[in-house]
Amino acid sequence: MSLYHETADILSATPSTGGNLKTRIFGKKDLKSPQQQIYALALETCKWSPVLKEVIDNSDLLCHERKLSPLLALLLVHDFILSKKGIALPASHGLRASIERHKARLSAEFTRARLRRKAGSVEALREQITAEFLGGAAAYPRWVRVNALKTTIEDQLATTFATFTRVLTVGEVTASPGKFLYVDEHIPNLLAISPSFEITKTDAYKSGAVILQDKASCFPAYLLDPRSEDGDVIDSCSAPGNKTTHLAAIVHSRVPEREECTQTVYAFEKDPKRARTLEKMVNLAGAKEITRMSFGQDFLRVDPNSELFANVGCLLLDPSCSGSGIVGRDEMPPIYLPDIPGTFKKPLPSSNRKRKRDDSDTGKNTSQPIMVDDDGKETLVSSEKELEARLEALSSFQLTLLLHAFKFPAAKKITYSTCSIHAQENEQVVLKALRSDIAKERGWRILRREQQVRGLREWPVRGSPEASDVDSEVAEACIRSYKDDGRGVMGFFVAGFVRDVKPAFADGDGPYVRDESGRIIRDSMGMPTFKPGYGPDSLGGGNRINRSAQGENPQHVEDRAEENEDVEDYDMDSEEANDLSSDNSSQGDSDPGEWNGFDD
Ligand SMILES: C[S@@+](CC[C@H](N)C(=O)[O-])C[C@H]1O[C@@H](n2cnc3c(N)ncnc32)[C@H](O)[C@@H]1O
């Protein structure tokens with residue numbers, strides 16, 4: 001089936017199919033065309049559909065080409081008029097011919113549609129259409145993290161953003177159309193720019209010099225504040241890699257000139273498919289030297305007492321969560337279909353097809369909302385009870401992960417974050433962790449507000465006192481953000497934990513016990529550390545290149561990266577591009593396999 005038929009199928013699926021555009025595409029296993037190409041075509045066609053509908057209706061295309069469905073016509077005319085490469089079919093293909101036969105008429109109608117909108121050029125029309133399409137989302141700026149591994153904020157202000165007008169508040173960025181820019185006051189190297197600007201078309205974006213990352217999503221790495229004296233860093237749940245590359249940039253920025261970086265960022269990602277996205281992002285961001293990735297590795301299976309991690313002083317935990325803080329998560333984009341000749345005008349599909357299960361055939365609307373977590377995993381939540389059960393499962397996994405992080409012998413700083421607004425996944429996990437035996441044994445405490453890095457100490461939105469069991473120190477220490485509160489960020493939560501650590505291997509009561517080969521077999525608490533099948537020892541060392549173990553040929557990774565180039569014509573932002581594989585299931589579904597080693 002062609003790209004156009006597959007995309008039409010996705011867009012014509014009834015609301016009962018459930019899911020938003022992303023989950024419908026990336027959750028589908030049997031697509032022949034590249035998922036990101038289908039996604040970009042579908043999204044751009046929806047965006048342009050008010051104009052394309054006019055062009056198709058006024059040119060009588062569907063009267064002349066009876067075999068074309070309205071959706072197929074929209075998709076083909078989109079590419080014919082707006083894609084640099086035109087229709088992605090051989091010149092002799094019937095579908096392509098059915099559009100190109102009407103070349104003159106379609107082009108003329110497109111010009112008329114542009115002039116009716118008083119747009120002086122196609123570029124001006126594109127800006128107008130993008131702003132209209134963004135609708136409510138236009139209240140959110142585009143957050144752009146300047147990647148210190150590749151460039152500086154000064155360079156970017158003088159090049160990529162040279163034509164922007166600098167404003168003093170984030171609200172001004174979205175208040176009126178145009179090109180506005182705000183240098184964030186809380187997070188270093190972060191900019192907010194007008195959402196209609198097509199940053200994905202810039203060299204800075206394509207080269208990884210700038211990364212699209214919501215402001216709140218920059219909180220964890222900044223709060224963790226890894227310094228050279230903190231040793232190595234772990235990112236336990238890494239894909240698609242926004243925070244991993246942010247960590248690497250912070251580590252890099254602290255290496256004195258002419259000195260080598262001695263720190264390593266270890267990045268774990270349980271889902272092998274998402275791990276490939278992580279790899280692409282790490283490479284593009286120039287973070288490969290500092291980062292060591294372990295593909296398909298469950299962080300819970302990592303032995304904290306392995307020698308490889310003896311120098312790990314910081315851990316960032318950003319586990320799977322309900323994703324309830326994500327902006328625009330629940331919606332399918334509106335699409336305006338051309339009229340079918342000889343029929344009554346079809347009413348336009350509702351502009352916000354809310355994610356409810358409805359049974360259009362029977363006329364019954366069963367209204368069963370679907371919860372999509374931040375990995376794209378879908379759960380039907382038809383009652384409060386089901387939501388509670390889902391949150392309970394997520395929070396128990398999140399707590400397990402946090403308690404596992406507490407076990408790293410040299411660790412002295414941890415951040416825990418979610419893009420959820422639910423207290424069960426946030427303050428409640430923090431409280432349970434603080435009250436745990438391991439926290440008490442190892443001396444973990446909350447990172448109090450006054451101890452936090454300046455930007456986050458000054459960030460005004462804090463944890464909920466009720467959710468923190470009225471512990472005001474914990475509530476103040478927790479950092480939150482809410483969508484729709486005018487600050488232009490997504491809903492997010494982060495808290496930090498700290499403890500004092502004596503010099504390496506002095507954790508707890510005494511030194512480690514090693515076997516003849518030097519391997520640690522008992523930790524400082526006298527507990528055995530080696531379990532067969534766990535940790536790097538089980539495969540004879542942690543530095544093994546693991547691609548072949550997964551049947552992954554490095555060349556294939558390159559090939560896929562090249563395939564993705566095809567979507568350059570479309571506006572696909574990094575969250576979209578990076579979140580290529582939202583189809584994984586995130587919890588409790590892994591083969592309790594073994595250590596896969598790090599990619600070198
Ligand atoms: C919220 S996303 C991480 C986003 C990432 N930190 C970023 O900023 O780009 C959670 C990720 O954790 C992965 N994950 C879930 N459980 C895991 C585990 N036990 N070990 C390693 N990765 C895990 C999921 O597959 C998912 O990719």
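Backbone N, Cα and C define each Cβ position, glycine as well.
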Same-site S-adenosyl-L-methionine binder from ASP214, ASP225, ASP318, given that TrEMBL records CYS237, SER238, ALA239, PRO240, GLY241, ASN242, LYS243, GLU269, ASP298: ASP318
Among the binding-site residues listed here, CYS237, GLY241, whose Cβ has the fewest other Cβ atoms inside 10 Å? CYS237
How many other Cβ atoms are found within 10 Å of the Cβ atom of LYS243 (S-adenosyl-L-methionine binding site), counting all protein chains shown? 26
In this predicted model, the domain 'SAM-dependent MTase RsmB/NOP-type' (132-500) has a mean pLDDT of 88
Let me know how many other Cβ atoms fall within 10 Å of the Cβ of ALA239 (S-adenosyl-L-methionine binding site). 29
Cα-Cα, CYS419 (active site, nucleophile) versus LYS243 (S-adenosyl-L-methionine binding site), nearest Å, comes out at 13
Pick from ASP298, CYS419: which of these recorded positions has the biggest number of other Cβ atoms within 10 Å of its Cβ? CYS419
